[in-house]
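**Student:** Pasting the relevant annotations from TrEMBL:
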| type | residues | note |
| --- | --- | --- |
| DOMAIN | A:3-171 | domain 'FeoB-type G' |
| TRANSMEM | A:219-240 | transmembrane segment |
| TRANSMEM | A:275-299 | transmembrane segment |
| TRANSMEM | A:319-341 | transmembrane segment |
| TRANSMEM | A:353-379 | transmembrane segment |
| TRANSMEM | A:391-412 | transmembrane segment |
| TRANSMEM | A:450-469 | transmembrane segment |
| TRANSMEM | A:556-576 | transmembrane segment |
| TRANSMEM | A:588-608 | transmembrane segment |
Amino acid sequence: MTALLAALVGNPNAGKTSLFNALTGSRQKVGNYPGVTVERKSGRLALPDGRIAELVDLPGTYSLSPRSPDEAVTRDMVLGRQAGERRPDAIVAVIDATNLRNHLRFVLELRRLGLPMVVALNMVDLAERDGTRIDVEQLSRILGLPVVPTVAVRRRGLTELAAEIGPLLGTAPATLASPEADIRLLQREARVIADTVTAQHGAAKRWTQVLDGVAMHPVAGPLLLIAILFVMFQSVFAFAEVPMGWIEAGIAALQAQVSALLPDTWLRSLLNDGVLSGVGAVVVFLPQILILFLFIILLEQSGYMVRAAFIMDRLMAGVGLNGRAFIPLLSSFACAIPGIMATRTIDDPKDRLTTILIAPLMTCSARLPVYTVIIAAFIPATNVGWFGLQGLVMLGLYVFGVAGALVAAWALRRTVTKGPTPTFLIEMPKYQWPVPRDIGIGLWQRAGAFLQRAGGLILMITVVLWALASFPKPPEGSAVTPLSYSAAGRIGSALEPIFAPIGFNREIAIALVPGLAAREVAVAALGTVYALDGDEDQVAQSLVERLRGSWSLPTALAFLAWYVFAPQCLATLAVVRRETGGWKWPAFMFVYLFAMAYLAAGATYWIARALL
Amino acid sequence: MRTLNDLRRGERAVIARIAGVGGDEITVRRLHEMGFDDGVEVEMLHRGPVGGDPLALRVGSMVVGLRKALAGMIEIEAAAAFAEAAE
């Protein structure tokens, strides 16, 4: 058991995560700090003296006065106030060699604590490339701290850094001094130190400025952003199809195995129709989510994401949000759950809450199966100009969702999340090549988190819904389908009067009940309501025929409009509860989304009926 | 008094006073964390696509994006004038 604990602390963009990945490799533990949802990343650090220390990567922050829940964890950890956590035995302060003036200010603040500390002078290669020479010995002497030059992405300076950490462990004082200080004085001291230890020879290479000339150009910038988003969504749909086919085939093979091994009892139905098809329906989105995350990680690590936030800020400001909200909202196109988790970087609480509340309006990949079936059934495959009508309707649903989110944000900011206009103040880091090791570790951790959820909460919910949809069984020879006879069917029938005014029939009302677990389950549920058998593709195909025969066009359009807003994802509501610390906001979210879905579906139904 | 908002693209100046932010100590502190301080050189780099908002500045060795409303509270003086005053 490791008794030694060292913590990585530093400004955002100091290359802290790269250094952490390089020091600990892929054997990292990702969990949560007790009581808060901030991610806790730690790994094993082998010291040259043979001891093993635990290294924890604290959230990046500019100072010990936190502005977001993430940054509060960093402060509480170094002060030893974080519940359930030990105070670290030593601090590794990571600073960017190309931005000494600002990063040294934080080192000076941390130094006041009196904790044993070593400074990792990271990205020295970039400083050299910019013609900046740093006198490391002099810097170490002035600070009174060991300073080790490192290049995390090229694994330079790692052994030297570990060698400096070793002797520090076990030398911490019993009590810490207060880090409180006048920030202006620290700033000035940092500037003097930075100017003393650096010498400029030759001109800096200004790659970042050249690239920003395009990325932040008033005309070219937005066009570039649109082009990047277009390529991203195209890739998500184009490249995910094949692996999704493999996952579907794998699940079907498992189901066939179960059918071959078990007699036709409730147990087989539970495994096949409950567990495998329920969890399978979620796991099948893994390829899409991974591709989307790959893009998001690339955009984040290269430094472009902040430029996108800059370009989008004016539009977001119009509805009372902040450019930073763009990043979580973009993730929500894959799945609202990681999107909602990504709102932790937004410092203003009202701003963050609004972003959480509108995140489910971004068209997540779970809505696609529903859209695909309804569009195939009711929208003719003709062309409008150069574009297919079906594709245009799909695009229209995405746009409808985004527009709905903007309207909702505007309304929320004026009512329930009313507060002062949030400020937008953001550092634009220099552009960097993404590091394959960091991308790999990032994707691996996100895939793990997604699969864990599919195996936990979603599994439980699908089993409960399976039971509701399977029992009680209709008597032998009955004409009603088993689903209509079951508890879920009865709940659906009871709900029918609520949905009749917006053009939904009894079958839809019944399908909405099991569809509560996850949106895509509604397709399978409709298949069951119409008593269709076979695998998912067959069901989808024959379902298209069946729906064409039994739904009117206004009903189909109303159903699409419903799904743009419908709050039908228990996993999202569960995450909102965790992130907001209670049932109040998930309940509010459910009610407001339900109301929006109801109004949108109703309006669509009646307008379509009047026109067609 | 000129503020950051009055800078043209590519123009440099020196921060004279972080004013107007008034009693909002938190915002003042954030600005200092981002490297803003009296006497620090700034350069206007980019302006946002709609109405020139937000704007991106080089502050010392760092590039920072902020909205016009906040930039209007930071007073500047000409880089040359500051150099003379310092002598």
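For all residues, glycine too, the Cβ spot is worked out from N, Cα and C.
Any TrEMBL annotation is an automated prediction that lacks curation.
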**Student:** Could you tell me what the rest of the chain brings near the transmembrane segment (A:219-240), counting residues at least six beyond its ends with Cβ under 8 Å?
**Tutor:** 287-288, 291-292, 295, 299, 304, 307-308, 311-312, 330, 333-334, 365
**Student:** Looking only at the recorded stretches A:319-341, A:353-379, A:556-576, which one has the largest tally of CB-CB distances under 8 Å to the transmembrane segment (A:391-412)?
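**Tutor:** Most Cβ pairs under 8 Å with the transmembrane segment (A:391-412) come from A:353-379.
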**Student:** Average the pLDDT scores across the domain 'FeoB-type G' (A:3-171) and report the rounded value.
**Tutor:** 90
